[in-house]
Structures are given as C-alpha cells and as structure tokens.
Amino acid sequence: MKMAVVLGIDLGTSAVKVSAVSPTGEVVAQASEAYPLNNPQPGYYEQDPIDWTNATIAAIHTLLSTEIAPGEVYGISFSGQMHSLVVLNQRREVIRPAILWNDTRSSEEAQWLNHEFGDKLIEITGNQALPGFTLTKLLWLARHETATYEQIAHIMLPKDYVRLQITDQIATDFSDAAGTLLFDLHTQQWSDVIIDRIKLKPEILPPLLAADAQAGTVTASFSDRTGLITGTPVFTGAADNAAGAIGAGVLNPDQGLVSIGTSGVVLKGEEQAGDYAGELQFEALGPNKRYYSMGVTLAAGYSLSWFKQTFAANMSFDELVALAETSIPGAHGLLFTPYIVGERTPHNDGHVRGSFIGIDSQHTLADFARAVFEGITYSLNDIFKIYEQAGTPIHQAVAIGGGAKSAFWLQLQADIFNVPVIQLANEQGPGMGAAVLAAVGLGWFGSVDEAAQSIVSQKATIPPESDAVSIYQQQYQRYTQIYANTKIL
Ligand SMILES: Nc1ncnc2c1ncn2[C@@H]1O[C@H](COP(=O)(O)OP(=O)(O)O)[C@@H](O)[C@H]1O
Ligand SMILES: O=C(CO)[C@@H](O)[C@H](O)COP(=O)(O)O
C-alpha cells in the first residue's frame, strides 16, 4: 500500500541524517551518511560543502532503494548546523571550504565588532559578537583572504547550500539569518545599520523566507542523481537548534531542551525579542516571530568522539558508555573540562583548552571515560546556572541529539542538572523538526504548534537520583574552579 512521508534532512556537523516521517509522526525510515570534519590547524574547523551534497544524495538513495518509493515522498525540508560560512562565486561555485561554527579563528574580528558597535549590536541582533557567528568569519576572510573575499557573489548557510543543489533557488530562513549577526531581530530583516557600517554588498545575502514556506521544487538534474520525483515540493527549513526545539515540541518559556550533538546546547523558548546581555545567544525560532535563547558548549559530543578516537579507537560508542558505567559517580575524583576547541558559553574564550584534573595512579580508562561524560555535562550545567541566575530556571528538559541515544547519559543529565529529563521516542530532534516544517508547509497541519503536538512522542521521564545528585554537586563545585586556573590569556 502506498504511504505518504515527508523527508526531514538534518545536516549535522558529524553526518547528515535523513528521516522519512509519516503524517502521524511515525519515523518510517532513517539513513545517515558521515563526512569529514577538517582541522587544518588548532582553532580552525572546515568542511567541504560538496561532501554535504554527496552525503545527502547517498542517504536519500539508501532510503529510496530500500524502504520508501519516490512517489511516497510528498515534501522535503531541512535542519542544518548554524553559522557556518559557505561562499560562492557568480557561477554559484564553492570558492573555499566552509568555515564552521566551532572555528575560533575570527576571535579578533568578534572583539572589533563588539568594540565598534557597543551595546547597539546586542540591541539589534540580541547577541554580542562571537567567533562562531557568520559575520566574524566573513570579516576574517576580508582581512586574510582578500582575493577570495572579492569573488564572493553569495553567502550561504549549510542547509541553504544543499537546498540550492536540490532546487536551484537561493534563500535562507529567519532562524539561520539570526545566527549570522546580520539580522535585525525586531524588524525580521537584514540589518541595514550593520550592513552599511561594515560596507557589505547587500546583494550577497540570501532572500529571507519563512521556515515552512516553499523554497522551490526538486529539479530534473537532482531527480537524476537521487531518484526523487522532479517537482517534489521543497520547504525552506531552519537552523538545527530551532528545528530541534520544533521537533521536540519545546516552544514555550516553561520548557528546556538539551541537545548533545557535536556541540552541546541548552535552550529555552522565548515569547519576545530580547537578549541576555550577550551572556546567552538570543535567536529567531523561525515561524511567527517566535524566539529562543541558548547557551552552547563547543565540544560536547565532539569531546566524546575525540576521546574515543584517541584512547579507545576499537570501541563503539555503546562500549565506551558501558565502560564508563563501571566507574562510579564522580569518576573517583577525576575531572575533565571539555574546552578542547575553546569554549563559547559561559566563557566565550577561543584560547582556553581542556584538561583532566586530579589524575591518580589508580585511575583506569573507565574513570577517564566517565570523567569525559561528566565534564561535558558539567559544562552544560553552567548554562542551567545562567538561566537560574537570570530568574528563569529550567524545571525539566527534553533530551535530543546523538548523546540522547544512551540511557546512562540521560540519567547523568538528570542527576547533574537535578531536573527530570524527558526521552523522546526518536532522538533525532532536528530531523523531526525539519519533517514538521515540510508537513506544515504541505498543509498537513495548520501550524507548527499543532504539528508538534501531534507528532512529538515522549518515551520516558527520567527523574534525578538523590544520592548521585549530591556527589555531582560537590564535583561540579570543583569543576567551576578549573577555568580561571587554566585559561591562557
Ligand atoms: N551510542 C551513543 N551514546 C552516547 N553518545 C553517542 C552515541 N552515539 C553517538 N554519540 C554522540 O553523539 C554525537 C553525534 O551526535 P549528532 O546529533 O549526530 O551530531 P551532529 O548533529 O553534530 O552531527 C557523537 O559525537 C557522539 O559523541
Ligand atoms: O553553533 C551552534 C549553535 O549556536 C551549534 O549548535 C551548531 O548549530 C552545530 O550543531 P550540531 O552539529 O552540534 O548539532
């Protein structure tokens, strides 16, 4: 019997994950394809946008050759890693590798912007300049790779580049625009004030569309490469954290979201445009002038995958989790700070690096593995503390991302944050959000809220365990002293 599905394409930093989702929210099939994350020198992180397209084609191909037929795909939408800068020439060709969200080479440009604009930048964009944002990377190119900068005819965000390959149309949505630092959160337009001051050619910026608006259709040439039917509707999509919030149903200020992918994110819905004085990011959610705030750990899942690759290359993630579980809460006193690529929230420091503190000759690989899981989670707890101090504590959190695959890590999150953690039926929050945007765009639902309500399926609520909570609280106090004593500048 013929099914109807939408494809949610989540262009993460480690891999693209394509989910085929039915009108009732059932994930009918999923396929994933990894791509390299290049680190040519400390602090530099790049990817080849052509790898994103090839991986997306391979994942769609897998789905269409196994579990679904091309005629069953009614619509497609996206979720993508935020901020990363893709530059194209007049012929729409990539002219250098994308500079990614976790790349801190543009720290000086971020400082310059903060100095040049003062509070005005936060007023307009809701954010202080951080080296993660697209604009600082663009200014870095202007200064260090002038010949490349002068060839730029279009700048794109990752999901928008892949959508361009599918539809031949250029566009972005409000949530990814907000992550560039060139977007006025109040007028919901590109900011003339910022564009004029930095003398940017406004025509290099993509036109803005709503996340659930149709941005084009599958072209005949993309149909040839994948088997998708020419003319299949393609919807704009959203930044991965906005899509994650939508796909997890975390849309209001009383809910929190924790996403552990390559980065780690703690996020909350917000009703009005505003800011946290730059301490947290303030972003546009996408549909209907809605917003969210968030703090970001630069290397959350990335710290775990670095540890695995460096010290336990023969183990799977599941085996590493099982090994960590054989240690005890507090990892026999061993602490890890996940600053291996610098840190964003709360330190905004591209120079600091990670550490293991308190190594004892009795510590085993299991203690080191457990310390890594705990240290990443303490770093996310720093963000919970910022919300608490701002008077808007998070009382429960929905968990998504690769980190939410592990029952051990879900319990650790509940114990360290000391709030109940909700596990979803499928941890692919951003991919689910992308599917919701396609479903709303097709008219299957009247709004994102209506779609989220009927599609999001919770699997379990994990309460904190009180004995572990008190051990982690003591360890977290020690953890908070490490940054000031290990920072470089
Ligand atoms: N079984 C697992 N248990 C715990 N963590 C896992 C597991 N599998 C993967 N991860 C973590 O999830 C991360 C990838 O998550 P994902 O959401 O796919 O990232 P991204 O969206 O950045 O590509 C990996 O870096 C790893 O740290
Ligand atoms: O920089 C941010 C958010 O500001 C990151 O959260 C990126 O959006 C990357 O996401 P993942 O690949 O870790 O999902």
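Placement of Cβ uses the backbone N, Cα and C atoms for every residue, glycine included.
According to TrEMBL, the protein has these features:
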ACT_SITE  ASP240  active site, proton acceptor
BINDING   MET82, HIS83  substrate binding site
DOMAIN    5-247  domain 'Carbohydrate kinase FGGY N-terminal'
DOMAIN    257-441  domain 'Carbohydrate kinase FGGY C-terminal'
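Taken as a whole, the domain 'Carbohydrate kinase FGGY C-terminal' (257-441) shows an average pLDDT of 96 in this prediction. Reported as a whole number, the C-alpha separation between HIS83 (substrate binding site) and the residue listed as 'active site, proton acceptor' equals 10 Å. Of all Cβ atoms in the shown protein chains, 28 besides its own fall within 10 Å of the Cβ of HIS83 (substrate binding site). In this structure, the residue listed as 'active site, proton acceptor' is part of a helix by DSSP. Neighbour counts were taken at the CB atom with a 10 A radius for the recorded positions MET82, ASP240; the maximum falls on ASP240.
MET82 (substrate binding site) sits 7 Å from ASP240 (active site, proton acceptor), taking the Cα positions as reference.
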